[in-house]
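Here is what TrEMBL says about this protein:
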type	residues	note
DOMAIN	B:24-134	domain 'PurM-like N-terminal'
BINDING	B:Asp26, B:Ser41, B:Asp71	Mg(2+) 4 binding site
BINDING	B:Asp26, B:Asp71, B:Asp207	Mg(2+) 3 binding site
BINDING	B:Asp43, B:Asp71	Mg(2+) 2 binding site
BINDING	B:Asp43, B:Asp118	Mg(2+) 1 binding site
BINDING	B:His50, B:Asp257, B:Phe313	substrate binding site
BINDING	B:Gly117, B:Asp118, B:Arg142, B:Ser209	ATP binding site
DOMAIN	B:146-298	domain 'PurM-like C-terminal'
BINDING	B:Asp210	Mg(2+) 5 binding site
There are 2 protein chains.
Amino acid sequence: MPSEFDLIARFFTRPTPDITLGIGDDCALLTPKPGMQTAISCDMLVSGIHFFADTDPRQLGHKSLAVNLSDLAAMGARPVAFTLALSLPASDEAWLKPFSEGLFALAEKHHCELIGGDTTRGPLSVCITVLGEVPSGEALRRDQARVGDDIWVSGTLGEARAALEFLKGTISLDAEVMGDALTHLQMPTPRVELGMAIRRHAHAAIDLSDGLIGDLSHILNRSKAGATINIDTLPAGQVLHDQPHDFQLRCMLAGGDDYELCFTAPVSSRTAILEAARQTGTAVAVIGTIEKAAGLRLVNAKGEPQAFADKSFDHFSTT
Amino acid sequence: MPSEFDLIARFFTRPTPDITLGIGDDCALLTPKPGMQTAISCDMLVSGIHFFADTDPRQLGHKSLAVNLSDLAAMGARPVAFTLALSLPASDEAWLKPFSEGLFALAEKHHCELIGGDTTRGPLSVCITVLGEVPSGEALRRDQARVGDDIWVSGTLGEARAALEFLKGTISLDAEVMGDALTHLQMPTPRVELGMAIRRHAHAAIDLSDGLIGDLSHILNRSKAGATINIDTLPAGQVLHDQPHDFQLRCMLAGGDDYELCFTAPVSSRTAILEAARQTGTAVAVIGTIEKAAGLRLVNAKGEPQAFADKSFDHFSTT
């Protein structure tokens, strides 16, 4: 069996031309640009909790980095570098090769360089810490939503949850939409370009990992504000169109794993936001309004209040 | 059972006065100081591999951060912040409280602030990425050792491995040295102050996590140099004094988990190194010399060659 060092060298060493000192020392070294702040986020994916044990390693490599890049996107930060800690039951080349390929394909697309890490024997899990840069004072935070702001979401919602329910056998999906749904679950697209493009026009942002209601609530709590969402304006993924209305709503409001951006911006920024969306090739939709009254209210297109019980996916709850 | 967010808030939220934006957003934000580089390292500790499942959580909290701070020390970097990803079988307050106390006691000592993380259900593991700062161009790298340099180590060697063998039941230890040995294994002291103090006097450095021979070999390979070590100058931990000579050597040369610094410096720096050691209250010893001829040679005080087979602890080898 190859040693730990052989494995790291073989699958995880790439040239890092933009990095002062990359893998191979006690630490990596970055040289921050003047006027830039460093944005940092960390996510861990555990087998059996965040992904099935038999998940295609290429998709897992992609998704492990994608969920972290999505956090940078939500701050409007440009990806710079990441560390990877990988716990593996055995040093398995047939797994490591596609995993590293999926990981690096996304990393290279965003010029985000692997600068350090740790490979160890243990139950399968992937822990990534990502670093980005954003001009000082321009980061999109959760606590800056203002009363009157539009609430926007990117892309479409609910596909990843529908795909998960399909894989668990609780719903059936037509072959023509199944592939699209699975792509949303297994190969999510972090909205990095959109996050950077709306940075100067939006007030607050978050990425949707736990579900719209739970994640938007973080913006509301931090910004000491409330909101009304018009459920008839939610951008339902195509895979949901043939599903029951209640299932659609649950997927869109509390499905989780969307990795779309939810952000707030003044009404005066609408044109700029739409132009940013056009330039980055990302769909966006206004789904509600930030209000003074605390709490999150759901209405339909007629303005009638809508009830909804489920809130968010919690890794420690016994769902 | 409290939710994930409750747990994080309760045990892992502390004021972060020196951080631009701490826990609670998609990313943390740091504002790098002009003229400083950012040093980054990542280590993952997995239950059953790096520690016993019943390890005191307070000690585990300490050690998880200590091994990362040791990497910063080996670059001469000042600790700034860290992220923590924690995978836990259950949300167990009786475990989380002492774990967080052990973690924060060390973090606060080094003014290193927790700025982000992820808590998830899963097999017990701890993944930390640490960030430090070092004046541009002053970091201690592995590739800067020069022919004629003294080779130094800090502290004493071998105690952690002796403690591990004691816990595994392969050796017996007197009660009077057992506590000291266990402290080295469970509560190692990262040599942060020493690393910063020798930064301008030393050429190359590494921290000893896998064992002296394996770790020094990284310096030699990167610096395209060789070395001779005088085994009679190795600073044996007191716990080793009553052990057989061969066991002492194995612990000191290939024991692992020492978290001492091994560094090289020109002979002209001896006075400065000793003064740096005195000011930081750290023992240091010269154990050998960097040489032009590749390879690592062991000799005794009489200059006689010494054989040694074991090299390094490898997480994927079937030891």
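Glycine is treated like the rest: Cβ placed from N, Cα and C.
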Expressed to the nearest Å, what is the distance separating B:Gly117 (ATP binding site) and B:Asp26 (Mg(2+) 4 binding site) at their Cα atoms?
10
Using Cα-Cα distances with a 10 Å cut-off, which of the binding-site residues B:Asp26, B:Ser41, B:Asp71, B:Arg142 are near B:Asp257 (substrate binding site)?
none
Within 10 angstroms of the C-beta of B:Asp43 (Mg(2+) 2 binding site), what count of other C-beta atoms is obtained when all protein chains are considered?
24
Nearest of the binding-site residues (B:Ser41, B:Asp43, B:Asp71, B:Asp118, B:Asp210) to B:Arg142 (ATP binding site) - Cα to Cα:
B:Asp71
Determine, using Cα-Cα distances only, which of these binding-site residues is closest to B:Asp207 (Mg(2+) 3 binding site): B:Asp26, B:Asp43, B:His50, B:Asp71, B:Asp118.
B:Asp71
Same-chain residues six or more away whose CB lies under 8 A from the CB of B:Ser209 (ATP binding site)?
B:Val67, B:Ser70, B:Asp215, B:Gly256, B:Asp257, B:Asp258, B:Tyr259
Rank aside, I only need the closest one: which of the binding-site residues B:Asp26, B:Ser41, B:His50, B:Asp71, B:Asp210 has its C-alpha nearest to that of B:Asp118 (Mg(2+) 1 binding site)?
B:Asp26
Looking at the binding-site residues B:Ser41, B:Asp43, B:His50, B:Gly117, B:Arg142, B:Ser209, which ones have a CB within reach of chain A, meaning under 8 Å Cβ to CB?
B:Ser41, B:Asp43, B:His50, B:Gly117, B:Arg142
Do you know offhand how many angstrom separate B:Asp43 (Mg(2+) 2 binding site) and B:Asp71 (Mg(2+) 4 binding site) by C-alpha?
9
If I take the alpha carbons of B:Asp210 (Mg(2+) 5 binding site) and B:His50 (substrate binding site), what is the distance between them in whole Å?
12
Integer average pLDDT (0 to 100) for the domain 'PurM-like C-terminal' (B:146-298):
95
Please classify the secondary structure at B:Asp71 (Mg(2+) 4 binding site) using three-state DSSP.
helix
Ranking the binding-site residues B:Asp26, B:Asp71, B:Gly117 by other Cβ atoms within 10 Å, which is at the bottom?
B:Gly117
Spatial separation of B:His50 (substrate binding site) from B:Asp71 (Mg(2+) 4 binding site) - C-alpha basis, Å:
17
Rounded inter-Cα distance in Å - B:Asp26 (Mg(2+) 4 binding site), B:His50 (substrate binding site):
30
If the ATP binders are B:Gly117, B:Asp118, B:Arg142, B:Ser209 per the record, what's the largest distance between their Cα atoms, in Å?
31
